[in-house]
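Visitor: Below: one structure in structure tokens.
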Amino acid sequence: MNKKSKINKVMLSISTMALSLGALQAPASAEEKVPYNVLKTKPVGIEKPVDEIGHVSKAEETLSFQERLKVGDFSQRPASIPNKAAVKQVKESYSMADLNKMNDQELVETLGCIKWHQITDLFQFNEDAKAFYKDKGKMQVIIDELAHRGSTFTRDDSKGIQTFTEVLRSAFYLAFYNNELSELNERSFQDKCLPALKAIAKNPNFKLGTAEQDTVVSAYGKLISNASSDVETVQYASNILKQYNDNFNTYVNDRMKGQAIYDIMQGIDYDIQSYLIEARKEANETMWYGKVDGFINEINRIALLNEVTPENKWLVNNGIYFASRLGKFHSNPNKGLEVVTQAMHMYPRLSEPYFVAVEQITTNYNGKDYSGNTVDLEKIRKEGKEQYLPKTYTFDDGSIVFKTGDKVSEEKIKRLYWAAKEVKAQYHRVIGNDKALEPGNADDILTIVIYNSPEEYQLNRQLYGYETNNGGIYIEETGTFFTYERTPEQSIYSLEELFRHEFTHYLQGRYEVPGLFGRGDMYQNERLTWFQEGNAEFFAGSTRTNNVVPRKSIISGLSSDPASRYTAERTLFAKYGSWDFYNYSFALQSYLYTHQFETFDKIQDLIRANDVKNYDAYRENLSKDPKLNKEYQEYMQQLIDNQDKYNVPAVADDYLAEHAPKSLTAVEKEMTETLPMKDAKMTKHSSQFFNTFTLEGTYTGSVTKGESEDWNAMSKKVNEVLEQLAQKEWSGYKTVTAYFVNYRVNSSNEFEYDVVFHGIAKDDGENKAPTVNINGPYNGLVKEGIQFKSDGSKDEDGKIVSYLWDFGDGRTSTEVNPVHVYEREGSYKVALIVKDDKGKESKSETTVTVKDGSLTESEPNNRPEEANRIGLNTTIKGSLIGGDHTDVYTFNVASAKDIDISVLNEYGIGMTWVLHHESDMQNYAAYGQANGNHIEANFNAKPGEYYLYVYKYDNGDGTYKLSVK
């Protein structure tokens with residue numbers, strides 16, 4: 001029977017992939033500093049460098065929070081163990097090819113005297129790995145030798161047990177992913193490790209104690225996770241937990257012992273849960289039921305420690321987590337629910353342990369506590385967000401939203417906003433593009449969540465469902481970035497510095513790299529890892545008028561020993577797992593920006609064009625270029641030699657100063673006089689604390705000297721313009737940033753760029769026309785009321801005082817949101833004029849299509865932005881055929897009322913529907929439940945806009961009839 005199940009494949013896919021700035025926690029352990037794919041040896045998504053901000057994979061971004069709770073591993077690792085330099089062996093490293101050449105005796109002797117990470121391609125599937133692991137005799141030799149060493153290890157010598165277990169874990173990891181090794185993925189084969197595990201456990205030195213003993217205990221748990229367990233192996237493990245509990249005050253600050261008991265709990269839980277899913281059995285039908293009470297009781301002791309400290313909080317959380325999951329194997333099957341309910345009442349409301357308990361009751365016990373009371377996770381999560389993130393700030397007409405803790409100052413938020421503008425300006429200059437590659441994605445609105453502290457950031461796991469063993473995390477699927485405020489004692493980096501890095505990742509996803517993170521060929525095999533991380537470190541050095549400069553803090557990460565520095569080849573092919581590559585990837589891109597801009601530009605052009613083949617070839621050629629590597633090394637030495645001359649860019653106080661009023665007309669006049677532009681256009685934007693402007697136009701330069709020289713000339717010119725503006729009387733010019741895009745050469749052989757300026761707007765007293773939103777187009781039936789909406793119409797410097805609708809059939813209305821009935825079929829032009837309190841008017845037009853008979857959906861309507869607008873009491877026909885998997889509809893509810901939604905599945909295909917309210921596009925307001933061929937639900941609707949997704953989940957084709965009443 002296969003050890004891993006279908007659901008575990010999902011669990012593997014939701015492992016977080018690190019994509020972002022360095023955080024400020026303990027150094028990554030030796031175990032973590034390995035090629036990133038090695039960290040997925042457990043299909044549970046927990047083993048990754050804690051110092052990296054994560055950017056999660058496709059599955060985690062797609063699954064709902066509730067689904068992630070069910071399939072993901074939400075246990076919490078203890079703090080990382082400080083890295084210790086490995087003892088140098090006879091040979092620095094070995095490959096699987098080297099191991100294949102050895103006879104059995106040579107193999108076991110070698111494995112016994114090296115560290116597992118000296119095997120360079122362990123956990124990587126290649127022909128050598130396949131040959132090695134398909135040799136059943138060799139596998140048995142390793143298992144037998146592990147048993148021998150397990151029975152003979154001492155408190156001072158672990159006999160290389162960790163290396164043997166890692167080689168076996170690599171076998172099962174590769175077998176899970178590759179059918180060529182499928183025999184190793186059978187539990188019957190993995191059970192062959194049980195005698196070795198028992199030999200280890202029967203050794204009197206199998207206990208927590210010295211570092212060697214702790215290493216063996218950890219290896220025991222990890223091997224169970226990837227191989228298998230039985231009753232006896234679990235019973236032996238209970239002795240380890242009891243020893244830890246009995247010596248809790250002594251052991252709680254010992255990271256190796258913490259890691260060891262975590263590996264024991266996680267490994268056994270993972271194996272047993274996997275068995276349930278694969279065998280399709282209930283807990284009371286398994287060998288463990290009623291026979292591992294001792295192990296579970298020790299976990300329960302951890303769950304109910306009562307006194308939570310920063311040092312033991314991770315342990316308490318894990319105790320609650322595993323007590324819930326394993327409680328059903330206790331001789332008292334309600335024990336898990338009893339313990340988790342006790343924990344919920346024991347720990348402070350809305351604390352981390354409290355949330356873990358609530359989640360487990362929701363996930364494993366249908367939302368009912370031990371007394372039968374309903375536990376409403378959604379309501380509690382909402383309370384948590386209100387407590388930990390009570391403040392909201394909006395900028396740029398709502399396109400940037402900050403949600404923060406109450407201790408994150410308003411000044412800090414303003415500085416971060418202006419820092420984003422400096423980074424954005426330099427970023428667009430370099431890539432030459434400022435148009436979203438895929439407009440309509442969630443990142444049309446960037447949401448930035450900032451907790452008060454690293455401690456409160458841990459609640460992000462409970463409030464939003466994402467990993468917190470990082471310095472922050474950007475979820476491209478939702479356009480949301482999570483991080484926390486920090487003190488100088490907690491970090492050598494400021495929040496602004498880290499924010500600049502992460503904001504660059506947002507820009508990359510929106511303007512540079514096609515598709516969502518992790519999807520598509522360009523993301524495969526970590527092609528972009530070196531580029532995206534180094535790129536973010538590079539642009540964190542953006543300035544207003546001095547281009548992009550190296551940061552002193554990142555230079556400090558380069559080795560003082562030239563022999564220890566990365567080569568260009570190693571940098572270009574760097575992968576997650578080592579922290580150093582961030583620094584060297586920055587240095588390479590800084591070098592290219594400064595000395596080989598054409599090369600830098602070509603790399604980005606290939607990425608933006610999604611040209612995987614030529615990107616691979618170009619990267620390969622660069623990696624073999626000795627001149628590039630030589631100059632790269634010299635550039636790094638130059639940075640190190642001049643490190644004290646650099647600083648860390650941060651926004652100036654000028655951004656926060658009070659600036660005198662000045663009309664935007666006058667601003668535009670002065671700016672276009674300083675930099676002559678054709679077709680200049682001034683636009684005002686609204687933010688919570690202030691308004692801003694963008695001034696766009698086309699600049700024509702001198703006769704072209706080639707794109708690279710033209711770019712340098714333009715960058716110099718724009719910087720000079722910014723400096724000239726800053727010398728003028730109005731201080732607001734010191735907030736202006738600028739970029740230029742869309743390079744071309746005109747018919748006169750002169751280069752041209754589109755230039756965009758951004759700065760503070762202080763045009764107080766100048767009346768602006770209102771914004772009108774007609775919310776069309778509309779559809780309806782003859783002699784049935786059609787609801788027209790003016791939602792979104794606004795006047796930023798006053799209020800709208802009148803509305804005038806012209807329905808195109810000779811009739812009008814002055815209502816804000818009128819209902820109109822058409823007498824004849826046809827297409828009508830509808831106009832809406834709004835007037836503000838100072839007399840200015842704005843007009844917008846749309847169409848309404850009126851049909852005699854039933855309505856039919858209009859494609860495309862696959863996304864919320866394309867949704868077909870329907871009214872209440874509407875029936876509409878639709879189809880899901882071929883690649884058309886989803887139809888989206890939208891309707892408005894003016895006041896609270898009960899709504900019936902029904903979809904008639906006319907062909908019996910696999911389909912359903914879900915409904916979201918505009919205020920929460922992540923969680924369902926309602927969802928369809930099958931009733932024969934109807935998929936229906938009734939719910940009480942609050943006022944607002946709703947989005948209804950009708951979708952199929954198989955390959956069937958069919959039509960349906962949707963009714964909303």
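Note: Cβ is positioned from N, Cα and C throughout, glycine not excepted.
Quick paste of what Swiss-Prot says about this protein:
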{"type": "BINDING", "residues": "H501, H505, E533", "note": "Zn(2+) binding site"}
{"type": "ACT_SITE", "residues": "E502", "note": "active site"}
{"type": "REGION", "residues": "653-765", "note": "region 'Helper subdomain'"}
{"type": "DOMAIN", "residues": "769-850", "note": "domain 'PKD'"}
{"type": "REGION", "residues": "842-867", "note": "region 'Disordered'"}
Visitor: What same-chain residues lie close to the region 'Disordered' (842-867): Cβ under 8 Å, and 6 or more beyond its ends?
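Guide: Same-chain contacts beyond the ends: 440, 769-782, 786, 807-808, 822, 824-834, 874-879, 884-890, 921, 947, 961.
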Visitor: So among the recorded positions E502, E533, who's got the most Cβ atoms within 10 Å?
Guide: E533
Visitor: Can you tell which of H501, H505 has the least company, meaning the fewest other C-beta atoms within 10 angstroms of its C-beta, among these binding-site residues?
Guide: H505
Visitor: Is E533 (Zn(2+) binding site) helix, strand or coil when read with DSSP?
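Guide: DSSP call for E533 (Zn(2+) binding site): helix.
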Visitor: For the region 'Disordered' (842-867), DSSP counts of helix, strand and coil?
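Guide: Helix (H, G, I), strand (E, B), coil: 3 helix, 12 strand, 11 coil.
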